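Asker: One structure follows; several queries about it will come next.
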Amino acid sequence: MTTTGETIAAIATPPGMGGVGIVRISGPRTRSIAEGILGRVPEPRRAAFGTFREADGTFIDEGLALYFQAPRSFTGEDVLELQGHGGPIVMDLLLRRCLELGARLARPGEFSERAFLNGKLDLVQAEAVADLIESSTALAVRLAGRSLQGVFSQRINTLVERLIQVRLHVEATLDFPDEEIDLADEPTVAIDLAAILEAVDRLLADAHQGQIIREGLAVVIAGAPNVGKSSLLNALCGSDAAIVTDIPGTTRDLLKFDIQVDGLPIRIVDTAGLRHTHDPVEQEGVRRAQTALSEADLVLWVYAANGEPDESIRSTFPAGCPITRIRNKIDLPGEAAGLVERDGEVEIALSVASGEGLDLLKAHLKSRAGLSAHPEGAFIARRRHLDALERARGALRAAATNLERRLGAELVAEELHLAQRALGEITGEFTSDDLLGRIFSSFCIGK
Ligand SMILES: Nc1nc2c(ncn2[C@@H]2O[C@H](COP(=O)(O)OP(=O)(O)OP(=O)(O)O)[C@@H](O)[C@H]2O)c(=O)[nH]1
Ligand SMILES: [Mg+2]
C-alpha cells in the first residue's frame, strides 16, 4: 500500500465545458470528504444521486457520486468520483471543497502511480492507460487495449518464469561446488537458453511494431539534389509543405511532418540533396540530413528514372538501415509504375508528377511497418520497453557464450540475473523512483 497517507483530488475530465465533469478523490480521507460534500458516504459501487454542498450548506451542484471502497478500486485506496455538470467554475468549486476537506491536488499520473504501487496494474498496463488516452489512430487504441489487458505483461512474465527455472539450475551448481557439475555438459541449460533467446527475439519484433504504431514509423527521404524528394514529401502530406523548384539544392533544412497512411502514423523527414558543396548553408543541410538518416526506421532513397542511381550516396547511408529505392520521374522515359527487387532491396518506380505508383509506395510503407502482418497478437510498446528487451537479449547472449566457453557457472548466473532484471524493469518489478517519476509525470492530471 502507498505509505504517504495523503488524499489526492483532481478534475478527471478535460478542461472546458461539457455535459458532465468529474472530480476524482483517492486516499484515506475519502469517506470524510464524501460526508462533508454529500452529507453521507454512498454505498460502495452504487451510483448515488445527491447534492454537493459547501461547508455552510450552499449548493454547488447536484449529480452522481460513486464510492469504491479499498482495495476494490482503481488505485486500491478508497476512491470517490463526483459527477457533476461539466462547467469549469462548477468543477473548480467542487475541487476546492475537496481541498478544504483535507485533500491535496493530485500530480499528473498520480492515480495511476498509486494503482501501480498498490499492485492494481503493472507498469506496462499503467503506461497502456496513458497510451490509450493519447492514441492518434484506431489501431493504436486497439493495441493499447491489449497491453492494458495484460497481453504484453503476460509474455514478459512467462519469459521471466522460464528464466528463473534456468537460473535455479545454474545456481544449484554454484551451491554444490564439490559435486563438480560442469554446466556445459548439461545440454538442457543451453537448449533452454536458446529457446528463451528465440522468444525474446519474437517479443522484440512484436514490441517494435507496437512502438511504431505508438510513435510512428520514422521515414527519411534522401538522395541526390533535384530528384524529387520534396515533391514526394508534398505528395505524401497531401499539401504544398516543401518548396519545390528545378534548382538543385533547393532544400537545406530538415522538414518534418507527422502524417498518416491508412492508420499508420509516419514521422516523415525531407532532407537536403546529398552532394559535395562549398556552400556552408548547404553543407549544414547535408550534415543534418546525415543525422536524420541515423535515426530512421526506413530510408526512401530517391533517384530519377532519367538517370542512374548514384551509388556513392547509397554508401553514406548508415549501415543496417533498411532502404527502399524510389525510382521517380518515370513519366520522363515513359516507364510503367511497379515494384521490383533490385540488389536485394525493393525498388518502386513511380512518378510524383503524374501520381502513378504512389499507391504502391503507400502499401509498401504499411507492410514495412508490419501493419498487414498479424495485428491480433500485437500490443502497444514504448522505446523504454525495447531498450530493456535489447538489454535482456544482450545478457542472454552473453550467458550463452559464457556457457559455451565453459567460463564457469558464476559468469552464466550473473548474466541471467541481469537478463531477469531487465525484463522485470518492463513490468515494474524492478524500478527506481526516478524511472517512475519520469513515466507518471507525463500522464494527464486526474489519471
Ligand atoms: N517530370 C517529373 N518531374 C518531377 C517529378 N517529381 C519532381 N519533379 C520535378 O523535379 C524538380 C525537383 O524537384 P524537388 O522536389 O524540388 O527535388 P528535390 O530532390 O527535393 O531537390 P533538392 O531539394 O534540391 O535536393 C522540380 O522541378 C519538380 O517539379 C516527376 O515525377 N516527374
Ligand atoms: Mg528538396
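For all residues, glycine too, the Cβ spot is worked out from N, Cα and C.
Quick paste from TrEMBL:
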- Arg24, Glu81, Lys120, Lys447: (6S)-5-formyl-5,6,7,8-tetrahydrofolate binding site (BINDING)
- 226-231, 245-251, 270-273: GTP binding site (BINDING)
- Asn226, Thr245, Ile247, Thr250: K(+) binding site (BINDING)
- Ser230, Thr251: Mg(2+) binding site (BINDING)
- 216-370: domain 'TrmE-type G' (DOMAIN)
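Where in this structure would I find these features, and how exposed are they?
Answerer: Around the Cβ of Lys120 ((6S)-5-formyl-5,6,7,8-tetrahydrofolate binding site), 18 further Cβ atoms fall within 10 Å across all displayed protein chains. In the three-state DSSP scheme, Lys120 ((6S)-5-formyl-5,6,7,8-tetrahydrofolate binding site) is classed as coil.
Under DSSP, Ala272 (GTP binding site) is assigned to coil, being neither helix nor strand in the three-state scheme.
Every protein chain shown contributes to the tally, and the Cβ of Thr245 (GTP binding site) ends up with 10 other Cβ atoms within 10 Å. Secondary structure from DSSP puts Thr245 (GTP binding site) in coil.
Neighbours of Ser230 (Mg(2+) binding site), defined as other CB atoms within 10 A of its CB across all chains, total 25.
If you average pLDDT over the domain 'TrmE-type G' (216-370) in this model, you get 92.
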Asker: What are the sequence-distant neighbours of Lys447 ((6S)-5-formyl-5,6,7,8-tetrahydrofolate binding site), meaning same chain, six or more residues apart, C-beta distance under 8 angstroms?
Answerer: Ala12, Pro108, Gly109, Phe111, Ser112, Val129, Ala130, Ile133
Asker: Would you mind sorting out which of Glu81, Lys120, Ile247 (the binding-site residues) have a C-alpha within 10 A of the one on Ala272 (GTP binding site)?
Answerer: none
Asker: Beyond the listed site residues Arg24, Glu81, Lys120, Lys447, identify every same-chain residue whose Cβ lies within 8 Å of the center of their Cβ atoms for the (6S)-5-formyl-5,6,7,8-tetrahydrofolate site.
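Answerer: Sorted by sequence, the hits are Ala12, Ser26, Ser73, Phe74, Thr75, Val79, Phe111, Ser112, Ala115, Gly446.
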Asker: Measure from the CA atom of Glu81 ((6S)-5-formyl-5,6,7,8-tetrahydrofolate binding site) to the CA atom of Lys229 (GTP binding site) and give the result in Å, rounded to a whole number.
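Answerer: Spelling it out, the Cα of Lys229 (GTP binding site) and the Cα of Glu81 ((6S)-5-formyl-5,6,7,8-tetrahydrofolate binding site) are 53 Å apart.
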Asker: Could you check the binding-site residues Ile247, Ala272 and say which one's CB has the most other CB atoms within 10 Å?
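Answerer: Answer by Cβ density within 10 Å: Ala272.
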Asker: If you count CB neighbours within 10 Å, which one among the binding-site residues Asn226, Thr250, Thr251 has the smallest count?
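Answerer: Each of the binding-site residues Asn226, Thr250, Thr251 was scored; lowest Cβ tally within 10 Å is Thr250.
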Asker: So, three-state DSSP: helix, strand or coil for Glu81 ((6S)-5-formyl-5,6,7,8-tetrahydrofolate binding site)?
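Answerer: DSSP assigns Glu81 ((6S)-5-formyl-5,6,7,8-tetrahydrofolate binding site) to strand.
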